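In TrEMBL this protein carries:
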- 41-86: domain 'Mind bomb SH3 repeat' (DOMAIN)
- 94-159: domain 'Mind bomb SH3 repeat' (DOMAIN)
- 165-222: domain 'Mind bomb SH3 repeat' (DOMAIN)
- 228-285: domain 'Mind bomb SH3 repeat' (DOMAIN)
- 291-338: domain 'Mind bomb SH3 repeat' (DOMAIN)
- 347-409: domain 'Mind bomb SH3 repeat' (DOMAIN)
- 417-538: domain 'Mind bomb SH3 repeat' (DOMAIN)
- 544-665: domain 'Mind bomb SH3 repeat' (DOMAIN)
- 674-792: domain 'Mind bomb SH3 repeat' (DOMAIN)
Amino acid sequence: MVGDSGKTLRDFLEALPREWISEDLMEALVNRGVHLSPTIFEVGDWVKFKRSITVPTYGWQDAKHKSVGFVQSVPDKDNLIVSFCSGEARVLANEVVKVIPLDRGQHVQLKPEVKEPRFGWRGQSRDSIGTVLCVDDDGILRVGFPGASRGWKADPAEMERVEEFKVGDWVRIRPTLTTAKHGLGSVTPGSIGIVYCIRPDSSLLLELSYLPNPWHCEPEEVELVTPFRIGDRVCVKRSVAEPRYAWGGETHHSVGRISEIESDGLLIIEIPKRPIPWQADPSDMEKVEDFKVGDWVRVKASVPSPKYGWEDITRSSVGIIHSLEEDGDMGVAFCFRNKPFRCSFTDVEKVPAFEVGQEIHMMPSVTQPRLGWSNESPATVGKIFRIDMDGTLNVKVAGRQSLWKVSPGDAERLSGFEVGDWVRSKPSLGTRPSYDWNSIGKESLAVVHSVQDTGYLELACCFRKGRWITHYTDVEMVPCFKVGQHVRFRTGIVEPRWGWRGAQPDSRGVITSVHADGELRVAFFGLPGLWRGDPVDLEIEQIFEVGEWVKLRHNASNWKSIGPGSVGVVQGIGYEGDVWDGTTFVGFCGEQERWVGPTLHLERVERLTVGKKVRVKLSVKQPRFGWSGYNHSSVGTISAIDADGKLRIYTPAGSKSWMLDPSEVEVEEQQELQIGDWVRVKASVSTPTHQWGEVNHSSIGVVKRMEDGDLWLAFCFMERLWLCKAWEVERIRPFKVGDKVRIRGGLVTPRWGWGMETHASKGQVVGVDANGKLRIRFRWREGRPWIGDPADIVLDENPGRTASS
């Protein structure tokens, strides 16, 4: 085969490093009559025996067939002195082939086929990734692992390079890079590119938007980044003063959508009000977070000043997004402002939302809270009872009648952990090294020994001497083991921490004691004495108490008239001799016989009690004990409950008794109004306590604040909140993004005018502000969405039909 340049395939192969040509390829070439020139070996080359060699001319000399060594000297063209881990060996040059060497700084791991490393294990596990520290003169690798104080000896034949990347991956050249193995050239550290090719020696060729040709680098010199995708919203990073491709009227506040991505990562960006697309280097850009109304945000640390100035906002202020505009602006509600704060998407970042039930206190740095102290002190700790729509935290403090109002920017969450809680390392930490957890295993359980003010926890573990410190955000709470619980061995366990000691994988037992470090003592059925165990080796055996209410899981099979979803009452548990056999007896109403089956087919349900109001579920077409003259809209009160769970419903004297199966009913609960509910004034209220103002019976508002029966409502047409009594309004269905809608029939003029719309117009809600203001995209209309008052809009019952049809 001859190429356009006149070179043959043999010429191309001769130009390649010989270690890149595999033995398979070499054999295939010989079979085709293509013979390459003999391999020339030099001192330092890495070699291994050809697989065709059964007995080397000079014997194995303690080496093995797969041994890898490197050339110490070349006495003549036919002979080599090679240093293997097992010692020096004389070999013939035609008995060995070159292999790709491992080099200092490269990431390596054990080959999958290696069962027992030559130099044994030392703290690392099979999937541990290490770094080559050096190669000794005697052919031994030194590999460093996270948390290890010195290098581990390794046979080069047992190690392989970690394949960290694949073609098409987006990578960043490490910003800390000062030199590169193959030269930096005109490349800027921190640049983002796309992997174009992976060479046989695992080195990479990267495409960069500003280079005409791919750049050659080592995988250790780059790191994976989240790729940009078509449709992503992006802006120029604040840290970039001048983007690589010049500004064209844009600023750091400009937000655009990626419309195209070139193969080298160059981004083509559509920006509103800009006639032609803009192009940008991916390393100059960052994704704008996907914000929605209701997200908690604060100004980014990298922003010197928000788009429209600071006003009364500070860096520590935390607010809630109130509205989102098409052009990349938003309105944020802060608890100390009457009006939303206007800024750009690029100015803010999301922060974790506060939640009802969390414990908080005032941040130590706060001397004067935004909403005052209200007779509290820096030592006060309380639980969030309610959160207003502007982010005000209403906090319940023990011993206080009234709620303490706290600005979220002033508050700090407490860890929520207490001494004695059981924890494990969060799985979401991934490979982030937490050396203490690595030394005891990510799956291990620990017990909180002390809680420190700084958010750090001191932990104790049953098989580790001493205690260690970890931050509360790195761990998650797990249910603790308690005396009296039934336990069994975890599925798939090979051996418990301290051996089986008479127990079997299917043994069942009861916990008799729990130590402060989590160590358990278990009484196993049929085993004398108490058995010492690590809690991670055991799991709680679900066991139900007599009288508990349970239902059959979906994986249970039908039995008589009972099936998945049926609700019954536990009557007892089954024994074989003195040992529980894992079964449970359940009484189901309507069946004389008790159901007997495995506990794992059952799950707890909330017990119904006398006095609860219930109605028959809509999914139940015919109750098993009949309707007794009632129907789906009937609400009845439970007057008695039988031992098998059968419900007797209160009926007036002389009428037919009504009985129901508990699986057929749902509890009728009178829900109280909540923050965020959509409401309007009840038709029965002629004049509200605090007068109408601009509001009327058709106006739709959103509950922003509530206190002692008073509500503060936000209406999209009013700047100030409207005060009323809770009993004066009723809850209605809120409009949601995606709703198909039309303009209310009979409406003379929408609040903000018709625009190009008519009563025949049909559209879809694309945005809902926190005060109920709607953004609607009407069919066949380009440009900005139509802005409307929810009182002017109704759901479209027939979205497929036009008014004329």
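A Cβ is built for glycine as well, from the same backbone N, Cα and C atoms used for every other residue.
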Winner by Cβ pairs under 8 Å against the domain 'Mind bomb SH3 repeat' (674-792), considering only 228-285, 291-338, 417-538: 291-338
For the domain 'Mind bomb SH3 repeat' (417-538), residues assigned helix / strand / coil by DSSP: 15 helix, 48 strand, 59 coil
For the domain 'Mind bomb SH3 repeat' (674-792), residues assigned helix / strand / coil by DSSP: 6 helix, 43 strand, 70 coil
DSSP-assigned states of the domain 'Mind bomb SH3 repeat' (41-86) in counts, ordered helix, strand, coil: 0 helix, 19 strand, 27 coil
